[in-house]
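*Asks:* After the structure tokens below, expect a handful of questions from me.
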2 protein chains.
Amino acid sequence: MIRLSVRDPEFAARFDTLVNARREADANVSFDVLAILSRVRAEGDTALRDYTQAFDGHDLEASGWRIDTAECRAALEGLAPDLRRALELAAERITAYHEKQRPADRDEVDATGVRIGARWRPVEAAGLYVPGGRAAYPSSLLMNAIPAKVAGVERLAMVTPTPRGEVNPLVLAAAALVGIEEIWRVGGAQAIGALAYGTRRIAPVDVIVGPGNAWVAEAKRQLYGVVGIDMVAGPSEILVVADADNDPDWIAADLLSQAEHDPTSQSILFTDDAAFADAVAAAVDRQIATLATGATARASWDANGAIILVERLIDAAPLIDRLAPEHLELAVTDPEPLFAAVRHAGSIFLGRHTPEAIGDYLGGPNHVLPTGRRARFSSGLSVLDFMKRTSFLGCSAPSLEKLGPAAVALAEAEGLPAHARSVALRLGQ
Amino acid sequence: MIRLSVRDPEFAARFDTLVNARREADANVSFDVLAILSRVRAEGDTALRDYTQAFDGHDLEASGWRIDTAECRAALEGLAPDLRRALELAAERITAYHEKQRPADRDEVDATGVRIGARWRPVEAAGLYVPGGRAAYPSSLLMNAIPAKVAGVERLAMVTPTPRGEVNPLVLAAAALVGIEEIWRVGGAQAIGALAYGTRRIAPVDVIVGPGNAWVAEAKRQLYGVVGIDMVAGPSEILVVADADNDPDWIAADLLSQAEHDPTSQSILFTDDAAFADAVAAAVDRQIATLATGATARASWDANGAIILVERLIDAAPLIDRLAPEHLELAVTDPEPLFAAVRHAGSIFLGRHTPEAIGDYLGGPNHVLPTGRRARFSSGLSVLDFMKRTSFLGCSAPSLEKLGPAAVALAEAEGLPAHARSVALRLGQ
């Protein structure tokens with residue numbers, strides 16, 4: 001953890017270093033991924049079977065290519081009642097929030113008499129990657145699948161590795177709750193390749209979403225354009241702005257809720273009170289000792305944690321914008337001034353009673369958010385990621401009379417005579 | 001040009017071949033681009049100067065790094081009056097259409113008492129690539145720059161190569177009309193690298209848009225995630241559905257308006273009348289002979305053109321969806337049934353009096369559209385490409401009491417104890 005103060009003579013340089021630090025491993029996986037994708041494209045299911053044997057240690061012909069929906073329903077039935085209710089509440093709230101994201105169509109006639117508009121339609125098929133092992137979260141399945149369902153996507157194909165055949169019952173329960181019926185026991189770059197190119201067994205999809213390791217992320221990046229993808233995801237981040245009126249333990253827990261994800265995660269506190277900063281730092285150390293995820297949290301906090309002292313909390317706004325954090329928590333009595341002043345953040349949590357974890361599970365907004373300063377230009381996952389817009393235009397003969405001559409002039413100036421002719425002929429020229 | 005009929009016994013296979021034909025050159029440029037981007041990142045302006053000397057044949061220190069806005073204003077003043085009026089009409093119509101794309105913010109309190117919403121903000125800076133030479137179109141500059149302006153982007157940085165120092169006055173005039181004040185005389189992958197990473201002279205941007213050659217496209221693809229980009233663009237396409245009541249010459253001109261762009265462009269006619277198909281094919285041959293762009297159009301039509309005979313025009317809908325064309329023209333008296341039946345197209349042109357070229361210049365909707373079957377999952381350029389959404393959530397103590405226990409249950413089930421603690425502490429647990 002580093003501590004900075006805007007009063008430090010070298011604050012600007014040290015803050016620059018923090019902003020520009022790259023926490024993403026420079027995993028040199030692009031050649032491996034290229035080879036895997038080429039082989040999946042050429043050999044299809046044979047390649048999937050071989051890679052699954054090699055990486056996940058089971059034979060798909062023996063263990064079964066798909067996970068049966070009956071197995072998912074059984075997992076849902078087998079959940080403890082409070083957990084099932086929690087999952088259902090999450091699904092309801094996420095659905096309600098995303099339903100209001102459905103875009104409106106436009107269909108107008110303008111003053112020139114031209115019919116003009118745009119309409120949105122869902123993609124036909126979406127692929128959903130769900131990691132195996134530690135990072136397999138049912139909440140993540142809900143956050144990725146529900147926007148696709150709300151968009152109206154007809155086919156949702158889930159892929160997930162089952163190392164040595166193991167599955168995660170919580171994830172299967174979430175799949176049953178959302179109504180996913182097509183689940184393939186394949187993972188890694190090979191699963192992404194299968195979804196993008198299609199194989200004999202697995203029909204291709206139009207959009208691929210969902211978190212994964214470096215191979216999965218690189219496969220999505222390489223296939224961007226062949227299919228739509230959600231985004232390039234990096235390690236998660238939280239930035240908490242807190243005054244001295246907070247309980248240091250609450251704020252420490254908030255910082256640790258990101259730190260416990262991964263050693264590359266980042267937690268940053270902005271405060272205007274040095275004693276409060278000390279108290280939070282002490283609380284972090286105290287809490288880590290009692291966390292089952294303490295080793296990960298410790299590694300993250302030591303390597304990437306930061307506490308930054310500012311004169312007044314509002315002064316943090318331009319610094320926050322440079323960091324463009326994935327999650328921004330405004331733990332103050334009146335968050336409005338900072339809320340209005342900050343421009344770049346993936347999601348903002350307002351006030352002392354909105355820990356970021358509420359948003360991870362069941363606030364409603366999506367928890368798939370831009371990381372690594374990408375909130376400067378990108379947004380969280382939404383219904384729009386599963387839809388596309390078709391614009392349209394309809395001229396009558398009279399409205400074409402009005403617009404046509406300008407189009408002819410521009411086409412001729414650009415040296416495109418067939419463009420000009422296609423209009424001129426209709427003008428009787 | 002190939003001719004197919006749904007009555008051909010091998011129609012399905014031949015149509016599959018047409019759908020899956022890749023017209024994009026497999027330009028093996030990724031290593032070149034990787035090297036150029038690395039050098040621009042490391043050496044900045046020195047690399048730009050060297051590459052510009054090597055590729056464009058002029059020394060930026062001698063010829064000037066920037067094109068002066070006075071030069072742009074002079075180009076605008078120097079336009080023929082009808083051309084200037086045409087450019088202004090185009091800019092007005094494009095602006096009016098895109099202004100209605102501005103997304104609405106949301107800010108509500110739900111039944112649980114949780115404040116929940118999302119707000120949109122523009123990115124701070126956008127980079128606009130404008131090709132030099134043949135493909136430098138003022139219409140393209142308007143289509144790329146106006147959505148950024150409408151979004152509220154404060155800084156628009158244009159880059160354009162000026163081979164041997166040459167500039168295109170029409171493009172400069174369009175830049176003056178839109179109000180672009182920062183124009184750099186650099187092009188190629190090196191210009192994209194400069195916009196993404198920034199150099200001493202050129203500040204970095206958040207989003208890069210605009211057409212370019214294979215190097216430019218690959219540079220954007222490689223930098224996707226470092227910055228936002230518009231899309232992966234391929235050769236342009238038109239698909240015309242026409243009945244026998246059309247003038248074959250009008251339809252031939254429409255097909256040629258895409259064919260004249262590039263030998264890799266594609267023009268496809270669907271019709272239900274064999275004699276009309278013959279008449280259009282003859283008109284295409286006749287018109288090519290008189291076009292200044294005839295050689296290009298000939299190459300495109302011969303290699304990639306197609307005429308497909310269907311029983312009834314409505315039967316074309318599922319075939320159109322498989323092709324997911326960039327431009328779809330419905331040259332029939334009542335386009336509504338096909339308009340309703342087709343799902344995948346970048347932009348649709350309704351009726352006999354809406355040649356696609358109107359949309360290229362001044363219909364209003366954007367002419368930057370998905371190609372290569374990408375209309376299955378992506379949309380034309382819009383104001384949204386220059387904005388990003390921040391979701392937000394605000395719980396009061398009472399609303400956290402309602403949601404908190406479910407979040408704790410889910411966090412514990414996922415093995416994330418700090419997530420659970422950040423909520424539990426606030427519940428007094």
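From the backbone N, Cα and C atoms, a Cβ is placed for every residue, glycine too.
Because TrEMBL annotations are produced automatically, they should be read as predictions rather than curated entries.
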*Asks:* Name the one residue among A:ASP315, A:ASP321, A:ASP360 that TrEMBL lists for the same Zn(2+) site as A:GLN258, A:HIS261, A:HIS419.
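*Replies:* As annotated by TrEMBL, A:GLN258, A:HIS261, A:HIS419 share the Zn(2+) site with A:ASP360, chosen from A:ASP315, A:ASP321, A:ASP360.
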*Asks:* To which of A:HIS98, A:HIS327, A:HIS344 does TrEMBL also attribute binding of substrate at the site defined by A:SER236, A:GLN258, A:HIS261, A:ASP360, A:GLU414, A:HIS419?
*Replies:* A:HIS327
*Asks:* Are there recorded positions in A:SER236, A:HIS327, A:GLU414 whose CB lies under 8 Å from a CB of chain B, and which ones?
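*Replies:* Listed recorded positions passing the 8 Å Cβ cut to B: A:GLU414.
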*Asks:* When DSSP is mapped onto helix/strand/coil, what comes out for A:HIS261 (substrate binding site)?
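*Replies:* Coil, per DSSP.
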*Asks:* When a 10 Å sphere is centred on the Cβ of A:GLN190 (NAD(+) binding site), how many other Cβ atoms does it contain?
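*Replies:* A count of 29.
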*Asks:* Give me the Cα-Cα distance between A:GLU326 (active site, proton acceptor) and A:SER236 (substrate binding site), rounded to a whole Å.
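*Replies:* Just about 7 Å between their Cα atoms.
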*Asks:* State, in Å as a whole number, the widest CA to CA span among the substrate-binding residues A:SER236, A:GLN258, A:HIS261, A:HIS327, A:ASP360, A:GLU414, A:HIS419 given in the record.
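*Replies:* Value for the max Cα separation, rounded to a whole number: 56 Å.
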*Asks:* Let me check the 10 A CB neighbour count of A:GLU326 (active site, proton acceptor). How many other CB atoms are there?
*Replies:* 29
*Asks:* Based on Cα coordinates, which of the following recorded positions are within 10 Å of A:SER236 (substrate binding site): A:TYR129, A:GLN190, A:ASN213, A:HIS327?
*Replies:* A:HIS327
*Asks:* Compute the C-alpha separation of A:GLU414 (substrate binding site) from A:HIS327 (active site, proton acceptor), stating it in Å without decimals.
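*Replies:* Distance (Cα to Cα, whole Å): 47 Å.
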*Asks:* Same-chain residues six or more away whose CB lies under 8 A from the CB of A:TYR129 (NAD(+) binding site)?
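*Replies:* Same-chain residues close to A:TYR129 (NAD(+) binding site) (Cβ under 8 Å, separated by 6 or more) are A:MET158, A:VAL159, A:THR160, A:GLY187, A:ALA191, A:ILE192, A:LEU195, A:ILE208, A:VAL209, A:GLY210, A:PRO211, A:GLY212, A:VAL216.
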